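According to Swiss-Prot, the signal peptide annotation covers 1-28. Annotated L-glutamate binding site per Swiss-Prot: Arg113, Thr421, Glu423, Glu442, Asp445, Ser464, Ser465, Gly485, Gly486, in sequence order. The active site, nucleophile annotation in Swiss-Prot covers Thr403 and is backed by a curator's inference.
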Amino acid sequence: MKRTWNVCLTALLSVLLVAGSVPFHAEAKKPPKSYDEYKQVDVGKDGMVATAHPLASEIGADVLKKGGNAIDAAVAIQFALNVTEPMMSGIGGGGFMMVYDGKTKDTTIIDSRERAPAGATPDMFLDENGKAIPFSERVTKGTAVGVPGTLKGLEEALDKWGTRSMKQLITPSIKLAEKGFPIDSVLAEAISDYQEKLSRTAAKDVFLPNGEPLKEGDTLIQKDLAKTFKLIRSKGTDAFYKGKFAKTLSDTVQDFGGSMTEKDLENYDITIDEPIWGDYQGYQIATTPPPSSGGIFLLQMLKILDHFNLSQYDVRSWEKYQLLAETMHLSYADRASYAGDPEFVNVPLKGLLHPDYIKERQQLINLDQVNKKPKAGDPWKYQEGSANYKQVEQPKDKVEGQTTHFTVADRWGNVVSYTTTIEQLFGTGIMVPDYGVILNNELTDFDAIPGGANEVQPNKRPLSSMTPTILFKDDKPVLTVGSPGGATIISSVLQTILYHIEYGMELKAAVEEPRIYTNSMSSYRYEDGVPKDVLSKLNGMGHKFGTSPVDIGNVQSISIDHENGTFKGVADSSRNGAAIGINLKRK
C-alpha cells in the first residue's frame, strides 16, 4: 500500500532551517533524499511523533527536541499539514484534539468542529421540489461551508498547555509554504482527481498552473497561504476571525451561494469537553463525545463484540468478518437515528451503552446468518428522557470524506491524539482569494432531509465521526489511535484496537491488517488482503462486498511502554507518513 517516489528533497533544508528574531523556532533536520526513506515505525525514549506526512513529522519532532511539549508540537504539526496535505485539513476546517495532561492526569478534548452560520436553514439542502440536492452538487456550494474552528482550537490548546507561542510554532510552515516542497504521490493523485473542483475557484492558480494539474515531484508553492500565516503570526487569531480576511472569507462563501457573514466568524467559539469513557478487556478508553459520533459507537461496538470472543476465529476468517459486519450494521443504524449536536438534541449516551441494551443488540447477531434488515434499537428504554427529533431516512449518495490524524507524546507524560479535517478532499474546493485558505464542506455532514437529530440549524455543529482515542492501563496512557475517512473512521479505530488487544498483534501489524467497513446492506468496502474465498463466503451469506479493494482510513498510533520508558510510533502505509522518535543526548 505504501506509495513511494525518489525526488531529491535536499533543497528543503533552507526551507525548514528557520532563522530570525524569534528566540525559539520549530526546525527540521536535513531530510533524507526521498519521502520513502522515512520510517513508518520508530522508537524513542524522549517522545514520539506520528503523522501522515514526513515534513510535518519533522517539524513536530523538532519542537520536541528543542524543549517544546506535545501540545506545542501538535500546533506546529497542524500548520505544517495545512501546507503539505492541503486537501485534508487546515485553518479552513475543524477537528477534535484530545490531550492528556501529564501533570494533572486529566484528559480533555478541544472541540473545534465547524458550526453552521446564522443564516443556515433546515431545508437548505433541498431543491424547489423539496427533494434532496445530490451530494455531488451540494458539496461544492457555499452552503456547505461551516464556520472554521481549527485556529481557535489551536489557540485554546496553547493557552491551556503550551510552552511556546503560536508566533514561534507557525514560522516553519510559513517558510514551507513560501519556498515550496516536492509533491508526494498522495497529493498528486488528489489534485488530478479533483481538478474540476479546483478549477472553479482561486485554487486553480495554486494547483493547476497553466491549466494543468501539478504532478508528483513538482514543487508546490503557496505564497498566499504563507501571507495568511504571517498575518496570524503578527496579529494572532483576530487576523482570521475579524477584519479584512474575515470579510474576504465571508464574501467568498456568499459568492458561492452561502450565507456566512463576518459576524458568524467573530462569534465562533470552541468547546472544551470531557471524553466519554469505556472499559475494554482491562483497558480504560477515552474517546470523543457528541457532536462526534465516533466515541459512543466505538465503545458500543467494542461492547457488542466482547461477547463473541472474537479471537477464537482466525484474524482473516469469514467468522470474524461476519461478526464485524453485523455489529457495524447495528451500530451505524443507531448512529443514523440518535446522534447529533448535544447543544441542540438529546443523545441517549447512557442507553446506547447500557448493558441490557448491549445484550439486546448482541441477540440480533447470528454467526451463520445475515440480518437483512438491521434497524436502530430503542436505547431510550434504558435511560431517562426522550428524543426531541424523528428518525428520518436520508439519501444514500454521500461520499465519505478524508481528513488527517496525527499523534504526539513527550517526555513529561503529555499525550495528544488529534483528528482534523476539511471533510472531502479539498473541502468545497473554494479557496479564499489572495489568502490561500481552502474552505471545508463540513455542513454536508448534516442531514439533507430535515427532521432528524442531525438536521441543519444555525450555530449547530454537524455530526462527525472523528474518533481520536487514548487507551489507559492502570490509569496511565498506553496507546493512542485515530484515523481519517469519514464514517469509516470509527471502524478503522475499532479494528486497530481489536487487532492489537484482542488478537495480540504487534502495533504495526495491527495498523496494517486489512480492514472492512459496512454501515448498511447497501454500503461495503474492504482492503486488499481480505481473502477472496472469505469474500465469496460472506457474499454467499447475503453480504455485498464488491470486486475491488480500496484503502480504508490512515491510522497513526503511539504505544507507550512505561516499564521500559519507551514510545513506539506507527504511521499507516496508505499514505507517505512517518513516525519519528525523540532520543535526546545524555550528558
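Just so you know, glycine gets a Cβ as well, placed from its N, Cα and C.
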Count, for each of the binding-site residues Glu423, Asp445, the other C-beta atoms lying within 10 angstroms of its own C-beta, and report the residue with the smallest count. Asp445
Going along the chain, which residues six or more apart from Ser465 (L-glutamate binding site) have their CB under 8 A from its CB? Ser292, Ser293, Gly294, Gly485, Gly486, Ala487, Thr488, Ile489, Ile490
Whole-number Å value for how far Thr403 (active site, nucleophile) lies from Arg113 (L-glutamate binding site) (Cα to Cα): 13
Pairwise CA distance, Glu423 (L-glutamate binding site) versus Thr403 (active site, nucleophile), rounded so that it is a whole Å: 6
Specify the count of other C-beta atoms within 10 Å of the C-beta of Arg113 (L-glutamate binding site). 28
Return one of helix, strand or coil for Asp445 (L-glutamate binding site), based on DSSP. helix
For Gly486 (L-glutamate binding site), the number of other Cβ atoms found within 10 Å of its own Cβ: 21
Whole-number answer please: how many Å between the C-alpha atoms of Asp445 (L-glutamate binding site) and Thr403 (active site, nucleophile)? 13
